[in-house]
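Listed in TrEMBL:
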DOMAIN    1-87  domain 'THAP-type'
REPEAT    136-240  repeat 'MBT'
REPEAT    248-353  repeat 'MBT'
REPEAT    355-459  repeat 'MBT'
REPEAT    467-563  repeat 'MBT'
COMPBIAS  587-596  compositional bias 'Basic residues'
REGION    587-631  region 'Disordered'
REGION    667-731  region 'Disordered'
COMPBIAS  678-702  compositional bias 'Basic and acidic residues'
COMPBIAS  711-720  compositional bias 'Basic and acidic residues'
COMPBIAS  721-731  compositional bias 'Acidic residues'
Amino acid sequence: MVHKCCVETCLTIKRPNIVFHRFPLSDQEKLRQWLFTLNMDPRTPRYVLGKLFVCQKHFQPDDYYDVQNLPSRRGRLLKPTAVPAQFTHAHYSEEDPTNIWLQRQGKPPTKKATVLNKVNKAPPAATGVDAAVASFDWTAYLERETSLAASVSCFRHAPLCAQWDDITVGMKVEVLNTNAILPSKVYWIATVIQIAGYKALLRYEGFEHDSSRDFWCSLVSGELNPIGWCAMTSKLLVPPQDLKQDIPDWKEYLMKRLVGAQTLPVEFYLKLAESMKNSFRTGMRVEVVDSKYVSRTRVAIVDSNIGGRVRLVYADQSDTPENIISDFWCHIWSPLLHPIGWSKKVGHDIKAPANNLESSSGLRGNSDSTFMLFKKPRFTYMEGTFFEEGMKLEAIDPLNLGSICVATVHKVLFDGYLMVGIDGTISNNGSDWFCYHASSHAILPINFCKKNNIPLTVPPGYDAQTFTWEKYLEETKAKAAPVRLFNADYPGHGFSPNMKLEAVDLMEPRLLCVATVKRCVGRLLLIHFDGWEDEFDQWVDHQSPDIYPVGWCELMGYQLQSPPGVADLIEKQLVRNKKCRRFSFGRKKKKHTKKRLSQDQAQDGADQHTESPQSTPPKVPLIQPKTEPEEQEIVAVKVKVEEMETETPIRPPDNFQQDSVCIIKQEEGGQSSLDNVEQEKTEQSKTKDLAEDNASLEDRCTGDSNTDQSENERMDKEELSQEDDSTMDES
């Protein structure tokens, strides 16, 4: 009996309108795909998987069959290619699957569905989380911007950060050969030419210095395999068909190219799955900063967890408008997130719980977070000389993260925490104070901006050009915080200006945007959001959990916000490329041409269409335990070379028809059509106004019609001659 969904970020319990699906235990490859996308251990025993279920929230509408003859099964039968996502899709609504099917067919929903929609209507989640959404293409953008991407090793919180030094340029991998015309999947060896975050630019072996066939691929997609994987899995290595080099012995050529080369670690994908796990669970209670009143914290409940980024729903919704859920997004390593009891321990202000809190909010936390789950701040020795109330310093404005302002320590808490306020702010009740730890990158000694040529935001009434700290301290009768109290550690990092990455807009923390490192000042990075003005720039620490490598959103299924206008440019470029393709006759093909093609390619064309869907690369990552290949196994790899004789019968039908029609026009077009073509060229060269252009177009259409007529006559003659020949053969 189904009790609840097995996905940790969901745990949906059984309800009448929820459909549950079993794991595909009979299909080993499909089972691996399900386990990978659901972030589950691939070594989970089968008898355990047989008792687990996945609810329909993790599938797209297109993953279901449209079963018209079985109304009771509509929206419930999965396609063989359906793969669940770890995180629930934004399109999902808890209405009857039958009504979902009716909506897709353009039919109105039932009365029951309309009532349920009114009763259960709630605002959508604050994020566009959808593993299938590809809102931004990094590869085209990187080529357009000619920029480098920050290495994964620069992000300590990113998956595979510790193992990323094993991924190098020049590494050899086995990857799906998309430049082959065989009906089954074949593979070929490729070299890593460039690395951009989680993405790599690959080049098939044999092209050497020819970059015209280079292609991008995600290193964490499961499509790349170590050398020797094909030998162990009995896969064919087939060179690309566009390869122009005449290499007589591919086996000898590959062995020379592979000597001394590095390859993908065998346990690469297992380590990836392990590094993506964390201990935060849905329903866990935490304390987090109040987004409306930054000087206090509030109790919140973990609603979802996407790669370490958690959506927190405030437990007390009494001050929230109706039909709106007050929430907050942050990373589990964020300094804004704390365990239950932290505020009381350090003396921080926390919002008092409302009466009958859980019943009024409709949310229940099934467990409280512990201090063991959180990253501990640096130990601070508070005895002797330490920060004192009234000390002046420079600090990043928490409400305008692109500004470094004159600030004051207003309160000293326990465990090294401080309440810091920006000088000159309107509020005098402390509602805009912010909690910083003494080791935080956001508090800086005086004259830091002056030494590093950074504009300092001064209090109202002061001129930034003439402002000096000495005069200001004298006027305010305050003292500066000693330099030795600040965190001066700088171990170095791999960031440099103009590097691309994915960054959280901390003013709207549910959004992850395309960004660029604009400037590096010690351990501080100035992040610029591509397509936006400089006033939206934000200062972050180089170890901030709010910056991610290129490809992180694609790996986690998190929606990446593209720069304004860039998506339209890329889409226009794709449309322009499509317009430059060869002309396809489509429905305007002549009846006799169709008949001839059906006679010539009836069997071959049918075989090709039935097998072509299997030759496309998998769309979802695949984890497969691999063992270290031995040298003998690599030598035993058989390289299959595609010959011209085998390519002819499976030639694409569109090209065949196009070539045959061209031949017909050249041989049987008639003198009249040739004269028309010459006349068109003469008129086109002499046209100087719009009237002559129109006349040329009319003549061109006349020539085409004559050509088509002569073409039809010729094909009728050929058919008659073929029938006569067949009659003579029978006699």
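Just so it is clear, glycine is given a Cβ too, placed from its N, Cα and C backbone atoms.
In this model, the repeat 'MBT' (355-459) carries an average pLDDT of 82. In terms of DSSP secondary structure, the repeat 'MBT' (136-240) contains 19 helix, 29 strand, 57 coil.
Remark: secondary structure over the domain 'THAP-type' (1-87) totals 23 helix, 10 strand, 54 coil, with classes taken from DSSP.
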